[in-house]
Amino acid sequence: MTEVEKIYEFKEELGRGAFSIVYLGENKQTKQRYAIKVINKSELGKDYEKNLKMEVDILKKVNHPNIIALKELFDTPEKLYLVMELVTGGELFDKIVEKGSYSEADAANLVKKIVSAVGYLHGLNIVHRDLKPENLLLKSKENHLEVAIADFGLSKIIGQTLVMQTACGTPSYVAPEVLNATGYDKEVDMWSIGVITYILLCGFPPFYGDTVPEIFEQIMEANYEFPEEYWGGISKEAKDFIGKLLVVDVSKRLNATNALNHPWLKSNNSNNTIDTVKMKEYIVERQKTQTKLVN
């Protein structure tokens, strides 16, 4: 019996990836439940092993209410066990659609928590690099406004002067400076938050097309609109917030601190109801066309 098996009882499987299986685990003494990610080290390629090491290093460093926490780590010659905080609410967008509708103030509340978590990461010189709906999970089924950032597989810890140049992320959310291959920094996460906010408020992404190159062309020029049919009831402060994130010039893009001080996040009490029909359509379409850039 391994050390982790002495402490935790492994219950049902929660999910699996190419090299890992996630189980529901229960501490035998406290009865507290966790998600335990079991990674088969022998099957890892060099790139995946490097990303995994970076992910673990990051998880060890962070402690924020809106970031999924690493509780314990067990390393054996064959396997790595990550004992993680258990979140049970599912993916953010799925739960919004399930709820049927929500308000602009709800959206601002969610975005504020995401920006707070990203600002915390940036303060530690950590860039997530792959912020998207699938990586935004609800902590519980009961509270649709308590969100947590997950999946640090593409994240990097950066030095003060290091500029990253590896193309990574998911097409609809990737920042123009990543596509330009001229190097990029923390600002990429703020661009992704702009895209996520746009979708939260209307149900579809700002950049879309029949092919990935078409999407990239729109991103490179920040070519997007606020169609009146879907944005007529949304506040000008929300549009201004998005407009200050989806900026090609990174020097003009809001950082996390400035974003938290934006009027839309500081004092939003709008009860404008947001319909989720378009978001439901987007989720279905997204599941059909899951595509990633080469990491």
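Placement of Cβ uses the backbone N, Cα and C atoms for every residue, glycine included.
Pulled from Swiss-Prot, these are the features on record:
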{"type": "DOMAIN", "residues": "8-265", "note": "domain 'Protein kinase'"}
{"type": "BINDING", "residues": "L14, G15, R16, G17, A18, F19, S20, I21, V22, K37", "note": "ATP binding site"}
{"type": "ACT_SITE", "residues": "D130", "note": "active site, proton acceptor"}
{"type": "MOD_RES", "residues": "T166", "note": "phosphothreonine"}
{"type": "REGION", "residues": "264-295", "note": "region 'Autoinhibitory domain'"}
{"type": "MOD_RES", "residues": "T289", "note": "phosphothreonine"}
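On the structure: features taken from Swiss-Prot.
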residue	record	Cβ within 10 Å
L14	ATP binding site	15
R16	ATP binding site	12
S20	ATP binding site	18
V22	ATP binding site	18
D130	active site, proton acceptor	23
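If you take the Cα of D130 (active site, proton acceptor) and the Cα of R16 (ATP binding site), they are about 19 angstrom apart, rounded to a whole number. DSSP gives R16 (ATP binding site) a strand state. The average per-residue pLDDT of the prediction over the domain 'Protein kinase' (8-265) is 85, rounded to a whole number.
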